[in-house]
Each structure stands twice: as C-alpha cells, then as structure tokens.
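Asks: Submitted below is the structure of interest, expressed as structure tokens.
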Amino acid sequence: MASAVIHDRTTNTRHGFVSGLWPKTTYENPRKPREEYLYYEAAAYLALEHFNSRNGAVLPEIPDLLAGCDFTMEVEFRDTRFRPFKGVEEALDSYRAPGKKPFAVWGPYSSSVSLPVSIVTSGLEIPTIGTISTSQSLDNSPFYARTCTSVQSEAKIFLNYLNSIGVPRIGILYSRNEWGLSFHNFLIENAPLYNVTVATSVGYVEGHNKEEWILLKEAMKELAQSKVQYFVGIVNPPTWKHVAREGFQHGIMGAPGYTWYFSELEMTRILDKETEGDIAQAVHGSAVTFMHFEDHPAFDQHFEDFLLARGPVDSNNRTMRDRYIASQAEQKWARIVDYVAPVRSSVSYLAYDAMMALGIAACKAPEQFAGQQLYDALVRTEFQGVTGWVAFDHNSGTRREDTVHYRLENVVLADKGKGAVPNSSFVEFNISTVAIVGTETINFKDPYTYSDNSTNQPSPLPPVDGMECNLIDNGALIYGWVFAAFVALMSLGWMVWTVLNRKRYVVGAGQPVFLCQLCLGTFLTAMAVIPLSMQEEREGCETSKFNLDAACMATPWIVLVGFCVAFSATISKAMRLNMVIRNGQAMRRVKVSAMQVQQPLCILLLCNTALLLSCTLIAPFKWSRVPVPVDSTAYDEFGRLTETYGSCGYYTPSVSWYFIVPLGLINLAGVGYAAYQCYLQRDVTTDMSETTHLFVSIVSMFETTVIFGPLLFVVKDNPTRRFLLESTLVDVACLTLLLPIFIPKYQQRFKQLAHTRPSKDILKGNSSHLGGCQHSARSAGGGTSSHEMNSYGPHSLISYPAVDKEADAAYEKVLDSVRDWEAKHGFIPIVQRHEPAPQKDSVPHKSSSRPR
C-alpha cells in the first residue's frame with residue numbers, strides 16, 4: 001500500500017496525519033461533552049506538540065532520541081461516542097478525507113470500539129496505537145499496539161490480590177462486549193492457579209433502552225442470590241452509574257459484608273448529592289485498579305499550563321490549547337468546556353506515551369514508510385516515558401507485563417462515609433492506595449476501609465443460616481442448679497447440725513471434726529455444677545472464650561478437691577478408730593487426735609493439686625465448638641458446619657493423658673484404702689464404729705460411677721443430656737457420702753451412754769500396772785481391792801452396757817485375751833468374768849484364781 005507520508009521537497013521534511021479516535025460525548029447524551037475524556041485526549045496532543053518541537057521539558061531524552069529526524073505530525077480528533085459503529089465510521093471518514101490520509105490511528109478508548117476499528121485499519125494497513133483498551137483479542141490484530149497491558153495481566157492482578165487476602169470465592173459481573181468477555185474468560189481460566197473459585201458470573205448488555213436495562217436488573221438479582229461476598233466488576237465507563245445504582249438497590253453494593261473491585265473506572269468524578277447520592281453510597285468501600293506509575297511532576301506542570309492556556313503563543317497568537325481545539329473535527333465540544341487544573345490520571349500518562357511512541361517509530365522507520373514498516377518500528381520502540389520504561393511485545397504489540405504494575409485504590413466517602421463537602425452540592429471521596437500489585441508480587445500500603453467504615457476484612461462467605469449450637473436447655477439448667485443447691489444446702493445443714501449437737505453422745509462418737517470435713521467436701525463437689533453449666537449466650541454461639549476455658553479447667557479442680565476433702569474424712573475416721581482399737585487390744589492407753597490421722601487428706605490434696613496445677617499450665621482443658629457426627633444435614637452448600645455442640649477438650653491430647661491417668665489412679669487408690677480401713681473394723685460394733693455406713697457409701701459411689709460413667713460416652717454429643725447426667729452424677733455421689741453417715745445419727749440423736757461394766761476386783765494387798773491398765777488398790781470390807789480398766793478414747797471401747805449381748809460377747813473376748821497374756825507371762829490372773837453382786841443375806845464367797 002502506498003505511503004501516507006508527505007515529503008516536502010522545498011524544506012526536505014516529512015509530514016504525516018494521525019487520526020485521533022476518542023470519545024467526547026455518549027450515545028445517551030450526544031450534546032454534552034465528558035470533560036475528563038477531553039483531558040485524556042489533550043494529553044496526547046501535548047505529546048504531539050513536544051514531538052514536533054523536540055521539546056525535552058517532560059522527557060529529557062527526546063532531543064537526543066529525535067536528533068536528525070525530519071518528521072512532524074498533525075492530528076485530527078474525532079468523537080466515537082463509545083460506540084463501535086461510530087468508531088468505524090469515523091475511521092473510514094478520516095481515511096477518505098482529501099489531503100489528510102492518516103498514516104496511523106491513535107485510540108480508541110475502549111476495547112469494544114478498538115476491536116472493530118483495528119479490524120478496519122488492519123485491512124487498510126494503517127497501524128493503530130491504543131492507550132487503555134485491554135482486550136485479549138487485540139493481541140491478534142496485526143497492526144495494533146498499545147501502551148497498556150492486556151486483560152491477561154490485569155486479571156492476574158485481581159487474582160493475585162484476592163489470593164493474598166484469603167478470598168476463596170468470587171462473583172463476576174461483566175459487560176457482554178469484547179473487552180468484558182475477554183476479561184471474564186481469562187478470570188475463569190486462571191482462577192484455579194491462584195486458589196480462587198469463581199462461584200458465579202453474570203453478564204449484562206450495555207443497554208440503551210428499557211428492555212436492556214431489565215437484563216441488568218436480572219443480573220444483579222442473580223448475584224444477590226449467589227451468597228457471594230466479593231465481586232469483580234468488569235464495567236465500561238458509560239454504564240458504571242447504572243450498575244452502581246442497581247447494585248445498591250439489590251443490597252450488594254455499599255452494604256456491609258460486600259466488597260467490589262472494578263477495573264480502570266474513574267468513579268470519583270463529580271457526583272451530585274441530590275440526584276446521585278445512592279451511586280456514591282454504592283461505591284463506598286469499593287476498590288479500583290489502575291496501572292501504577294510514579295508521579296511525573298514535569299508532565300503534570302506542563303499539562304496544567306496547557307489546559308489553563310498558560311505559556312507562549314504561536315505566530316497566529318494562539319496558545320497550545322487553542323491549537324488543540326482547532327485539531328477537533330467538531331470544535332464546538334472542546335470550546336464549551338470549562339478547563340480547570342487536571343486531576344492526575346494514569347490514562348493521561350498513557351495517552352502521552354502512546355502519541356510519543358508513534359512519533360519516535362515514525363522517525364525510526366524508512367523515509368517513505370508504509371504501514372507494515374511503521375508497525376515493525378513501533379513494536380521495537382523503547383524509551384523512558386511518563387509511565388516508565390515503555391517497551392512492546394514484538395509479536396502482539398502489547399506492552400510488556402514486566403514494565404507495568406497496578407495500584408489498588410480504595411474509594412471511600414469523605415466525612416466517615418457521608419461524602420459531605422461544606423458549601424458544596426457535590427460528593428467528595430477519599431482515595432487511598434491499598435496495594436501496589438504485580439503479576440507475581442504485591443506491596444501493601446494503606447489499610448483498606450470497607451463499606452461498614454471499618455478496616456476489618458469481611459468474611460468471604462455469607463453468615464451461616466440457622467446455626468444450631470445445641471445449647472443446654474433451660475429446663476436442664478434449672479434441674480442441675482436446683483439439685484446442686486439442694487446438696488449444697490444439705491451439706492451446710494448437716495455441718496451446722498453437727499456443730500450444734502457435738503456434745504451429744506451419738507455425734508461425739510461419730511467424731512464431729514471429720515463429719516464437718518465430710519460436709520465441706522460434698523459442698524465443694526456440688527459447686528462443680530456451676531462451671532459444668534456454663535456455655536455460650538443464646539444468640540450466635542458466641543461468648544467470652546476466656547470464661548469458658550476457665551470453666552473447663554475449674555470443673556476438675558472443684559470435683560477433685562471436693563472429693564479429696566470429703567473422702568479423706570471417711571478414711572481419717574476409720575484410721576482413728578482402728579488405731580484406738582489396736583491399742584486397746586494391746587492394753588495400751590493411747591490418745592489419737594484428729595491431726596494425727598490427716599495424712600490421707602494431705603497426701604490426696606498434694607498429689608491432686610500438683611497434677612491439676614501441672615495440667616493447667618501445660619495442657620489445660622479448652623472450650624471449643626465440636627462438629628456433630630458426620631451428617632449431610634449438618635453442612636451447608638459451602639461445606640460449613642451448621643450444627644455443633646460445645647465441649648471441653650484437651651488442649652494437647654497427647655500430653656493431657658500424662659495427668660488424667662495418674663489423677664484417676666491416685667483417687668482410685670484413695671477409695672481402695674478407705675475400703676481397707678473399713679474392712680479392718682468389720683468385727684467392731686461400738687458406737688464409734690461406722691463400718692457399715694462407710695461401706696455403704698463406698699459401694700454406692702462405686703455403683704453410681706459404674707452405671708453413670710459409660711453413659712457419659714453415649715451422650716457426649718448431646719449437651720443437654722450430658723449436663724443432666726454429669727450434674728446428677730456429681731450430686732448423687734455427694735448424697736452417697738452424706739446420707740449413710742448422717743441419717744442413722746439423726747435417728748439415734750437422743751441415745752445416751754449406758755452404764756459400763758466394771759472390772760473384777762482380783763488383786764489383794766498390792767497394785768500393779770498391766771499394759772496400760774491402771775490397778776488401784778482400795779481397802780474395802782475384808783481387805784479386798786477392786787481394780788477397774790479405764791476406757792480408751794472418747795468413750796469406753798472395752799466396757800459395754802450389761803444389757804447388750806453383743807457388747808457382752810466382745811467384752812468376754814477382750815478378757816480372754818488378757819487371761820491368755822497373763823498365763824503366758826506368769827502373772828496372777830487379775831481379770832475375771834464379772835459376776836453379779838451377792839445378795840445381802842448371802843455368804844460372801846472367796847475369789848479364786850485360775851491356775852497359772
């Protein structure tokens with residue numbers, strides 16, 4: 001194809017026309033220009049002016065890079081209105097314009113326009129350089145290049161960021177145009193590589209009539225029903241307000257728990273408070289990706305001077321802005337705009353570099369280059385531009401990924417989400433850079449503010465619907481508390497009764513110190529029901545984890561300490577009685593105090609305390625929500641449990657057993673030792689002996705444990721039944737210790753100590769001591785002496801009421817033991833069977849001693 005380059009022989013210079021295809025107005029409102037798009041276009045014109053004048057004020061290397069180049073450019077900008085057919089129409093019109101055949105095309109803005117235009121220009125062999133069109137399909141256009149990357153890179157940016165913040169599921173809303181479809185397909189294909197699942201994706205048509213906007217409503221409704229919390233919006237600039245309004249109305253944009261990420265949308269432009277407040281609220285807490293380039297103060301300053309018409313004028317007394325307006329095919333749109341200082345934009349940077357790259361390529365191409373020659377020079381062009389190092393892929397013409405990073409901008413309404421601006425009718429936003437993201441790297445910057453005005457990242461999954469926590473029923477709690485209160489009050493009542501009746505014979509025989517100790521132990525044990533009943537609040541299965549952990553560890557402390565105090569009392573009672581009996585059988589006087597038989601309490605308490613303290617510090621019990629046994633109804637569609645129950649578990653199971661097993665063995669040994677002490681009293685039937693009562697208590701407790709223990713494993717998955725069983729087990733164990741001891745004493749509370757049987761008076765004329773029995777000589781009548789064996793302990797152990805046959809038999813057994821001892825050691829018998837006293841009218845008989 002013939003070259004479009006114009007060669008001026010008189011000046012020996014070359015000249016060419018560029019067709020600038022860029023939107024200024026929209027299809028919906030073709031009579032109102034969009035100021036921001038005029039600014040982007042103006043940035044390209046600034047590059048053209050700097051190229052023609054070889055001005056290095058913005059890019060210092062331009063003068064050297066273009067040294068010896070005789071090429072200049074002229075541009076004519078045409079309005080595409082964001083519509084593909086309009087872009088193609090303007091491209092053909094510029095090609096057919098007499099005397100202004102373009103050698104290249106700059107633009108268009110969007111991929112939906114760039115793709116059909118590139119097809120036309122490729123057929124005409126006219127290279128096209130874009131700035132912001134990122135569709136993957138443009139990589140296949142033979143004459144298309146761009147200073148931005150493709151959607152492939154931008155999709156990687158989204159997926160890399162979402163993966164880094166732990167978002168496993170996303171939804172996609174995409175425009176059903178070439179750019180949106182390309183972006184959507186690449187997200188779907190590459191999401192698994194970043195551990196992200198696309199749960200739902202819905203497309204919509206960029207509508208221009210009522211029927212097409214209904215499709216957007218349906219798309220939003222489908223997204224609202226998808227139960228997805230994070231969305232990627234692939235939305236074109238002309239329709240983003242419609243999308244935001246529909247999303248806000250459906251409760252998935254600007255609502256707590258929902259987060260949206262958009263691609264290359266200038267959403268913070270002027271929004272009216274009265275008519276567009278819902279749109280502003282919808283984008284509050286969202287984020288937008290832009291290609292990230294470092295600030296370029298030189299460009300920013302020259303661009304501002306250009307738009308505000310500051311600077312030198314040409315020979316026709318025109319400023320650069322005047323010349324820019326003159327370059328418009330329809331100058332009226334550029335003339336009615338009120339130019340103000342521009343807002344920094346990456347699109348302006350890209351537009352400048354695209355036009356400069358086109359000029360540099362034209363200088364490097366052959367003198368009378370054709371379209372293919374210019375394109376080959378273009379894709380091999382490299383220079384330090386406003387956007388950093390500019391380099392293209394030689395095959396696709398797309399800018400290389402390694403030369404571009406993206407920034408994620410957080411869009412938040414000013415004044416804590418209200419968007420208020422004093423004395424202004426417009427909404428103000430605060431913009432912050434959350435992260436600088438590459439395809440493989442990420443650098444976090446400012447905290448992200450979400451739609452609820454907090455920096456706490458919402459859950460990537462919706463709240464669980466109808467979580468069943470399996471809390472303990474109120475009826476069961478009342479039962480446990482009432483039963484425990486009954487046992488506690490009974491323990492205190494028996495303790496008070498013991499203290500008040502300590503001087504009664506039956507209470508004194510039962511050793512009041514140990515009776516009070518027994519009551520104290522059962523009172524403590526009954527209090528274990530309180531931590532057993534602790535659980536989360538009714539709403540949401542949430543409460544202080546610290547309190548529940550403390551309750552888990554407090555339960556074994558209370559139960560075991562209470563058990564030690566109560567059960568050691570039974571052991572000490574039995575030990576004390578056995579010591580008295582043994583010394584009595586050996587005819588030794590002995591006084592056994594309560595403190596002398598407290599070794600079981602000390603040993604059990606020391607061992608239990610040491611093990612419990614170690615367990616608390618090393619492997620404490622912790623409260624946790626435990627899944628119910630595997631059941632399809634216990635999981636929702638996301639594989640999350642919908643039914644759990646609270647339980648105290650081992651913090652480190654492998655270590656906890658080192659404490660649990662010894663605790664069980666030690667306390668089991670205590671029970672066994674108590675049974676042994678009771679066995680030693682099996683033949684003692686004094687008022688102090690409670691062998692039968694203690695044996696009943698031990699057997700009852702053992703029976704309770706055997707029956708209730710296995711049931712705990714059966715009901716462990718049901719907190720209500722488990723609590724009922726545990727509280728009942730604790731309280732019944734207390735009652736098995738209290739009732740067999742105190743009920744008989746209460747029934748015999750009026751029993752008094754009967755007269756005791758005196759010893760035989762057998763020695764005459766002297767006194768002796770025998771094994772602790774005192775023999776006192778007392779002259780009476782015919783010079784006989786009476787000798788009485790003292791009692792041992794609080795009450796007589798070997799002197800029994802004469803009317804008690806069992807006591808009489810025990811008395812005879814002791815006397816036989818004494819006689820055997822006398823015979824063995826050669827003593828005169830001093831103890832004989834006590835005979836009834838002779839009547840007054842009978843003749844006294846002589847006492848005879850048994851042969852030695």
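Each residue, glycine too, has its Cβ placed from N, Cα and C.
So TrEMBL says this about it:
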{"type": "COMPBIAS", "residues": "832-844", "note": "compositional bias 'Basic and acidic residues'"}
{"type": "DOMAIN", "residues": "42-395", "note": "domain 'Receptor ligand binding region'"}
{"type": "DOMAIN", "residues": "478-745", "note": "domain 'G-protein coupled receptors family 3 profile'"}
{"type": "REGION", "residues": "829-852", "note": "region 'Disordered'"}
{"type": "TRANSMEM", "residues": "478-500", "note": "transmembrane segment"}
{"type": "TRANSMEM", "residues": "512-534", "note": "transmembrane segment"}
{"type": "TRANSMEM", "residues": "554-572", "note": "transmembrane segment"}
{"type": "TRANSMEM", "residues": "601-621", "note": "transmembrane segment"}
{"type": "TRANSMEM", "residues": "657-680", "note": "transmembrane segment"}
{"type": "TRANSMEM", "residues": "692-711", "note": "transmembrane segment"}
Asks: Grab the same-chain neighbours of the transmembrane segment (657-680) for me: Cβ-Cβ under 8 Å, and only residues 6 or more beyond its ends, written as numbers and ranges.
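Replies: Contacts with the transmembrane segment (657-680): 556, 560, 563-564, 567-568, 570-571, 574-575, 578, 600, 604, 607-608, 611-612, 614-615, 618-619, 691, 694-695, 698, 701-702.
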Asks: Could you give the mean pLDDT over the domain 'Receptor ligand binding region' (42-395), rounded to a whole number?
Replies: 90
Asks: If we skip the immediate neighbours and take only residues 6+ beyond the ends of the transmembrane segment (601-621), which ones have a Cβ under 8 Å from one of its Cβ atoms?
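Replies: Distant contacts of the transmembrane segment (601-621): 517, 549, 552-553, 555-557, 560-561, 564-565, 567-569, 571-572, 648-652, 655-656, 658-660, 662-663, 666-667, 670.
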Asks: Same chain only, please: residues at least 6 beyond the ends of the transmembrane segment (512-534) with a C-beta under 8 Å from a C-beta of the stretch. Say none if there are none.
Replies: 472, 477, 480-481, 483-484, 487-488, 490-492, 494-495, 498-499, 502, 547-548, 550-552, 554-555, 558-559, 561-570, 572-573, 576, 594, 601, 723, 726-727, 730-731, 733-734, 737-738, 741-742
